[in-house]
Amino acid sequence: MAPSSKADKKGAADAGAWMFNVVTSVGIIIVNKALMATYGFSYATTLTGMHFATTTLMTGVLRWLGYIQASHLPFPELLKFVVFANFSIVGMNVSLMWNSVGFYQIAKLSIIPVSCLLEVLFDKIRYSRDTKLSIGVVLLGVGVCTVTDVSVNAKGFIAAFIAVWSTALQQYYVHYLQRKYSLSSFNLLGHTAPSQAATLLLLGPFLDFWLTNKRIDTYDYNTVSVIFIVLSCIIAVGTNLSQFICIGRFTAVSFQVLGHMKTVLVLIMGFFFFGKDGLNLHVVLGMTIAVAGMIWYSNASSKPGGKERRSLSLPTSRQQKQSNLPESDEHDGKV
């Protein structure tokens, strides 16, 4: 009875974490789309810096109130994470500017196989045949939904290559650091958000000027645009936190595969909110394939003997004391 109850609680917590991530991620995409398309605030890198500044403020308040426990993250580890994370953000922005939308989407899809490779190399994870096939179905479905024109050039390919590998490394590192140093999602955010906020707010205006030829100090701020900026920053706190919770509880690969549900929802929401006529039979077919692949992946990866299996466990700083507990389940339970 007790094991079943524990499994049920974990299942509910897992579902809650996914729902939290999906809602905040879709919400911030819709808000940012309105902010950039309707109100012309095209300073994506600087806006991301604002997001992390707001997240830093939130973690600081929670630490001051005693809700976040003291923890340690060595500076070299922090530096590597910030480099990966910032290259991911900048790389994706530059890739979108230099590539066609179709190739940009293909690059985003390739994060999944790169993440798989990292887990195979560093965590010694093995994927069952069904798990591999289900990942392929998800990639096919999302590709059918999103990939249209595909053209590529040398500098665009380099930008996409950097973006894909830095994103995969950053997401792998979230899981790695939480396990190795026994950090909760709040703890890890508390360590990383200030550095990301500082670097992105410092470099963001210059990068945005290079990408858009517009200076952020010349933007015509008004009440509505400021409200949207504030709303974007508030939602971003939840997006950042939910990403760390989900990757900590699962893996970067699972986060990417099931995370494409957000792509499907964004397409649907875009149709309703922005009046796009892109929700045609072709796109609906892609959505159906993608969702079927996600369901198959969830089933295949959770089967005993058929799921992702770890042949070697990663040493942690609190060695194997909690080896019988689900990863990050306890840490996320107490912030």
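A Cβ is built for glycine as well, from the same backbone N, Cα and C atoms used for every other residue.
What TrEMBL says about this protein:
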COMPBIAS  313-326  compositional bias 'Polar residues'
DOMAIN    23-298  domain 'Sugar phosphate transporter'
REGION    301-335  region 'Disordered'
TRANSMEM  12-31  transmembrane segment
TRANSMEM  43-66  transmembrane segment
TRANSMEM  78-96  transmembrane segment
TRANSMEM  133-150  transmembrane segment
TRANSMEM  156-174  transmembrane segment
TRANSMEM  186-207  transmembrane segment
TRANSMEM  219-241  transmembrane segment
TRANSMEM  253-275  transmembrane segment
TRANSMEM  281-300  transmembrane segment
Spatial neighbours of the transmembrane segment (186-207) not adjacent in sequence (6+ beyond its ends, CB under 8 Å) are 43, 45-50, 52-53, 55-56, 59-60, 62-63, 67-69, 71, 73, 78, 81-82, 85-86, 89-90, 93, 174, 177-178, 215-217, 240-241, 244, 248, 331, 335
Find the member of 12-31, 78-96, 133-150, 156-174, 219-241 that has more C-beta pairs under 8 Å to the transmembrane segment (281-300) than any other listed stretch.
133-150
Count the CB pairs under 8 A between the transmembrane segment (12-31) and each of 78-96, 133-150, 156-174, 219-241, then give me the winner.
219-241
Contact call for the transmembrane segment (156-174) and the transmembrane segment (78-96): at least 3 Cβ pairs under 8 Å, seq gap 6+:
yes
Among the recorded stretches 78-96, 133-150, 219-241, which has the greatest number of Cβ pairs closer than 8 Å to the transmembrane segment (43-66)?
219-241
Mind checking which residues reach the transmembrane segment (219-241)? Cβ under 8 Å, same chain, six or more beyond either end.
20-21, 23-25, 27-28, 31-32, 34-35, 39-41, 43, 47-48, 50-55, 58, 185-186, 189, 193
Rounded mean pLDDT for the residues that make up the domain 'Sugar phosphate transporter' (23-298):
88
